[in-house]
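Asks: Take a look at the following structure, please.
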């Protein structure tokens, strides 16, 4: 149910003293409606508003304005009514004067029939309108009319006496003279409206409202133009008879031959209109069905496209998963390769360790052997160095000439080799002892001398006299060791 804030006020419309009327627009649909605001704060105002709403719902028909809904504010009750785009009967009266007389007469009968049908609908429900005037007759786009503004409408009581209400210049004489209203008062108002529609003038036209009311009381009605047909003139004047009991009822007016003719014509037009509407509805139905079929086709196509898109996405995900799997397998292979490389390196390292252990074992045996040699050397009496230097080298005997002795000295620069684990390192043809806490260090050379006399020369640097240099020559033929202490 829409709320008050759901409507946008476009403009205020002319209205009576009892209410305020606006042209509004429903914001969500932009459809236009009439909003009629009535006071709803005091108890008396609430009772009047509730009665009008009840009558609108009770009298809802093709002849009355349709109540769409009601919304409330803090102080007002707002009735949302259908909007008749051609306005009220005052606009139609002005337009009517531009028509030829014959057409005015013909359409005058048509509107007489329509308004009488609407008024008959109210009287059939024992309801008087009490404020019938051009401003309260609304006109649709197709020219059909709707009665509106039931704020003053009341049910008829037994004594036919009710308080005066409505617009004074459209009131019957008995209202002004006797202060009472009945169904015939509505008939008198209808006669004045039809008179004004045909002629363009109020039947009691005067310079002021008081003068008009005085003419109504005295029945000083304007002369009906000569071009108006006798039948139309009789119907209008009968409705405006100063004696209320001589006025026709709505049923009597509707039984008039000319009114009946226009009612039938209106019915035929209505049937034709309904047939056209039906045909249009069928055509619209076919169009709607085609549109629905197209929508369904579009929906199916969209569903197919969605399924294709999902399949494409699944394929892309599968491809991505396969790529990821291949990447994972590649990583696994790389890890395996690294593991194999590590295993190979481990084997190489273990082999190196085994080789190092073998070398350590060999060097340990070498150390033990050297220690044994040192022990043997310590048991042999040492020869003073001076004496060694003075001891002449014996001259070879003649028979020694048979030996293969090199006739001249040949200088050879040896290449030092420092076995692994020894506390020293070599620098070109020098050996540097790194750790003086170790009692000995063994180095070797790679020269092999097959025969002749060898003179070995070496120099100690930074020698404190506590170190002894030992030279060991190994006969590779019989593994015989020849030791010489220097």
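Every residue gets a Cβ built from N, Cα and C, even glycine.
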Asks: Per TrEMBL, which of 216-257, 258-299, 300-341, 342-383 is region 'Disordered'?
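Replies: When 216-257, 258-299, 300-341, 342-383 are checked in TrEMBL, region 'Disordered' belongs to 300-341.
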Asks: What average pLDDT does the predicted model assign to the domain 'Protein kinase' (7-259)?
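Replies: Across the domain 'Protein kinase' (7-259), the average pLDDT comes out at 88.
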Asks: Apart from its near flanks, which chain residues at least 6 from the ends of the region 'Disordered' (300-341) lie with a Cβ under 8 angstroms of it?
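Replies: That would be none at all.
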